[in-house]
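A short write-up of the structure that comes next.
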Amino acid sequence: MTRVKKFFSGGSFIRNVLVLTGGTAFAQLLVVAASPLLTRMYRPEDFGTLAVYASLLSVLAVIASLRYELAILLPDTEEDAANIMVLSLLTLAGMTMLTGILVWVFGDVLIQQVNAPALRPYLWLLPCSLCGVGLYQILNYWSVRKREFGRVAATKVRQSMAQVITQIICGLMVWRPLGLLLGDAIGRIGGSGTLARSVFRTDRAALKAVSGTRMKQMAIRYKRFPLLTSFSSLFNSAGLQLPPLLLVMFFGTQIGGFYALVQRVVGAPMTMVGQSVAQVFFGESARLARENPVALKKLYFKAASKLFLLGGIPIGLLASIAPWAFELIFGDEWGEAGTYIQIMALGFIAQFVVVPLSQTLNMLERQGVQLVWDIFRFVVIIGGLVLSAVLKLPAREAMVIYGAGMFICYAVLFFLSAQAVIQHSKKGIQHEQHQG
């Protein structure tokens, strides 16, 4: 209990969370602050095209290195972790080439299916962005392992600055929708160079231990990540990222643009802050799972309560004024996006609380349970939107179904993760009693 209190009252956990979320929050503040200007430079249809592009990229990004990057945090030695990092980089190179080939061969079919013809001239950005995103993910997890949270936070600020500056410059040049797409791509890639220089400058000894034989051993040791976690993550990402595609397919790019603005102003900042908390939580919980399972259980529930207070109040306040505020800040044509925030408020709060804790099942090597939940979420979310289209419901009613589905799915994940943590804690107590 003393250790848990330390984490949340000036100890390592809360300090690292504040460093990483502070940088992330400032980075997202830049994006949100630029949005009123961008909504006057670009049309809702342009944001709809961006939503389609970002959805495709995000789905691919979760399997860019077949989730081996998650295993970087787990080995006891730096040498084994370095072998996993290089294994992840090699996997990323192969996935990038495969994506480039698929875009070249099936690009026209893809554009026709997602109903976004304006995206066709810019599909070449997809494999380039995937390579950059995957590289950043891998180096980011290595930096988290090394507890270099300040450096990671700084790269997130640079990413947002690069994104905003590019989108504004291209908007002034009336490069639509290219400016939004190019800015998004540059923003996602930015920061990788800084992290890479740090690795080669300070971790050469670990890198010298990299070998084909050891990489093969690590690939086998952590085979559950590509065999189960990658599929689980793919279903998870599809459940998150396909809704914008389906909204464009069923209701047009304007509705997709409204949803894209909601994600830009609320969803993306919330997710990025949550991911920052998740990285610190994953690192601390992986250590506690080995050393002190009882403290892990206390950390899980304490983190959940803190996240509820941190996210519930601001999201609730924003929802109460969202339609009026969106018309005032972004322009009269964007008021409908504010209504979507009101509809999805409970789902957003549940997402904010649970996402930072969502790697608990993977960390405890319960990938099978995680996969079942991800499939469940995919069926509920995607099935709800498809049902809305079949019943020819208006967009608002489709968003009600989507928001309710989000809330239910995240509530289920919270209780599944809690059950796994409690069981792990009981095993730890039994092990201590047996040793005693």
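Cβ from N, Cα, C; glycine included.
Look at TrEMBL and you will find 50-70 (among others) tagged as transmembrane segment. Long-range contacts of the transmembrane segment (50-70) within its own chain (CB-CB distance under 8 A, at least 6 residues past either end) are made by residues 84-85, 87-89, 91-92, 95-96, 99, 110, 114, 116, 119, 122, 125-126, 129-130, 133-134, 137-138, 141, 177, 180-181, 184, 188, 219, 222, 225-226, 229-230, 233-234, 236-238, 240-245, 247-248, 256-257, 259-260, 263, 359, 362.
Per TrEMBL, transmembrane segment is recorded for 82-107 (among others). Sequence-distant contacts of the transmembrane segment (82-107) (same chain, at least 6 residues past either end, Cβ-Cβ under 8 Å): 60, 63-66, 68-69, 71-72, 75, 120, 123-124, 126-127, 130-131, 134-135, 138, 141-142, 199, 203, 206-207, 209-211, 214-215, 217-219, 222.
Residues or ranges marked as transmembrane segment by TrEMBL: 119-139 (among others). For the transmembrane segment (119-139), the residues of the chain that approach it from at least six positions outside its boundaries are 49, 52-53, 56-57, 60-61, 64-65, 69, 72, 85, 88-89, 92-93, 95-97, 99-100, 103, 107-108, 110-111, 155, 177-178, 181-182, 184-185, 188-189, 191-192, 195-196, 199, judged by C-beta separation under 8 angstroms.
Within its own chain, the transmembrane segment (160-178) has Cβ neighbours under 8 Å at 27-28, 30-31, 34, 37-38, 41-43, 45-46, 49-50, 118-119, 122, 184, 186-188, 190, counting only residues six or more beyond its boundaries. Look at TrEMBL and you will find 160-178 (among others) tagged as transmembrane segment.
Packing against the transmembrane segment (242-262) from elsewhere in the chain are residues 35, 39, 43-52, 54-56, 59, 113-116, 118, 326, 330, 334, 336-337, 340-341, 344, 381-382, 385-386, 388-389, 395, 398-399, 402: each is 6 or more residues past its ends and has a CB under 8 Å from a CB in it. Taken from TrEMBL, the feature transmembrane segment applies to 242-262 (among others).
The transmembrane segment annotation in TrEMBL covers 307-326 (among others).
The transmembrane segment annotation in TrEMBL covers 338-359 (among others).
Annotation comment: TrEMBL describes 371-393 (among others) as transmembrane segment. Long-range neighbours of the transmembrane segment (371-393) within the same chain, counting only residues 6 or more positions beyond its ends whose Cβ lies under 8 Å from a Cβ of the stretch, are 228-229, 231-236, 238-239, 242-243, 246-247, 250, 361, 401-402, 404-406, 408-409, 412-413, 416.
Remote same-chain residues near the transmembrane segment (399-422) are listed as 239, 243, 259, 296-297, 300-301, 304, 340, 343-348, 350-351, 353-355, 357-358, 360-361, 364, 366, 369, 373, 376-377, 380-381, 384-385, 387-388, 393 (criterion: CB distance under 8 Å, separation of at least six residues from the stretch ends). Among the features that TrEMBL reports, transmembrane segment is placed at 399-422 (among others).
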Mind checking which residues of the chain, 6+ beyond the ends of the transmembrane segment (307-326), have their Cβ under 8 Å from one of its Cβ atoms? 261, 266, 270, 274, 277, 334-339, 341-342, 345, 348-349, 352-353, 356-357
